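Novice: Starting off with a structure, shown below.
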Amino acid sequence: MTKVLYHNDIQEEVLSTKKIAIIGYGSQGHAHALNLKESGFDVVVGLRKGKSWDQAVEDGLPVYSVAEATSQADVVMILLPDEHQPKVYEESIKPNLQPGNALAFAHGFNIHFNQIVPPENVDVFLVAPKGPGHLVRRTFTEGAGVPALFGIYQDATGQAKQIALAYAKGVGAGRAGILETSFQEETETDLFGEQAVLCGGVTSLVKAGFETLTEAGYQPEVAYFECLHELKLIVDLLYEGGLENMRYSISDTAQWGDFVSGPRVITEETKARMKEVLTDIQTGAFAKGWILENQANRPQFNAINTKENNHPIEKVGRELRELMPFVKKPVNSKKGSGH
Ligand code: NDP
Ligand code: MG
Ligand code: MG
């Protein structure tokens, strides 16, 4: 098994003498900034004026423009939305980087796909917590942490690895486990996981099941419970103990149905499609499409989003969740999920 590092394996001295600028204060930004500060590090936040700026000030952090925060800092962690990073980097970060500084990311996309090309005289590393920002923050305040991947793209100072590990420890990941990866592996597996399984795979599976039941004349309310609502219980069991633990908890009838019908739904054909998705990620075809979509102000993204929000499963879901006060209200924008 690959080596997993914990809290006590890591020396943080290399980062204690440095100033860290967290650029962005959204889901990941607020968690990194607050956790690092409470771990004893010297943290400033870099932002434009707006909602996040006000929040960071309210949380007691020193806030500056992106250019000013970068100028002061030794380590610059970029936690802006991936689509906005190249422009902000060119305009406000690159001109203010000093030789020997470190540039850091929580996702490898812009470095791996050459949307940001850093100078050779800075360290470049990633620390990617394997969980949403609000969980990174909450687990930290509870004395625990979310596991993280770290990776080195460029080691200009000879200390990039020590700095990355100290950073990961400061965010709280040392309490849960820190694993080494590369920018390429992190980027490609992250994109594949969210597209084929976690987000794209699950939403398409849920919709197909719901449509199959309602088209056969079953009530949408019942279809909603069977195909979406109960998913949480199953996912919790998977999370706690893998497939075996989930199958141990469900009825034998459900387990037999799992064995005989699962492979009829997700077939070799589905796996061949997954391979196509992976190939598009590896060749850069997916990245190119997404970059162009953003340059065109997201015409397809917005059209599909509107259509998806009007799917019958969403309409019946909104009504049913009103009747279930124990189901936590969703955070309206996924982006605000950290606060
Ligand atoms: P969010 O969208 O939650 O936050 C973005 C932040 O950037 C906000 O504070 C926003 O401030 C600020 N911002 C946006 N545009 C600008 C700009 N032009 N100048 C200055 N500030 C700006 O981002 P995430 O936390 O979701 O993502 C950050 C990084 O972390 C990405 O690389 C992502 O891939 C990675 N990541 C995210 C995870 C997650 O849980 N969401 C998980 C692991 C990695 P304002 O209020 O002014 O708009
Ligand atoms: Mg991702
Ligand atoms: Mg059932």
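Cβ from N, Cα, C; glycine included.
TrEMBL labels come from automatic prediction, so no person has curated them.
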Novice: Determine which of GLY133, GLY143, GLY145, GLY151 appears in TrEMBL for the same NADP(+) site as TYR25, GLY26, SER27, GLN28, ARG48, SER52.
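Specialist: Of GLY133, GLY143, GLY145, GLY151, GLY133 joins TYR25, GLY26, SER27, GLN28, ARG48, SER52 in the NADP(+) site that TrEMBL records.
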Novice: From GLY26, SER27, GLN28, SER52, GLU194, which binding-site residues have a C-beta atom under 6 Å away from some atom of ligand 2?
Specialist: GLU194
Novice: Just to be sure I understand, if DSSP states are collapsed into helix, strand and coil, how many residues of the domain 'KARI C-terminal knotted' (182-327) fall in each?
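Specialist: Computed counts for the domain 'KARI C-terminal knotted' (182-327) are 124 helix, 0 strand, 22 coil.
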Novice: If you count CB neighbours within 10 Å, which one among the binding-site residues SER27, GLN28, SER251 has the smallest count?
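Specialist: Minimum Cβ neighbour count within 10 Å, taken over the binding-site residues SER27, GLN28, SER251, occurs at SER251.
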Novice: Is it possible to get the count of other C-beta atoms within 10 angstroms of the C-beta of TYR25 (NADP(+) binding site)?
Specialist: 31
Novice: Under 8 Å Cβ to Cβ from GLU194 (Mg(2+) 1 binding site), same chain, six or more residues apart: give me those in sequence order, or none if nothing qualifies.
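Specialist: GLU194 (Mg(2+) 1 binding site) has long-range Cβ partners GLY200.
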Novice: Fill in the CA-CA distance, ASP190 (Mg(2+) 2 binding site) to TYR25 (NADP(+) binding site), as an integer in Å.
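Specialist: Between the Cα atoms of ASP190 (Mg(2+) 2 binding site) and TYR25 (NADP(+) binding site), the distance comes to 22 Å.
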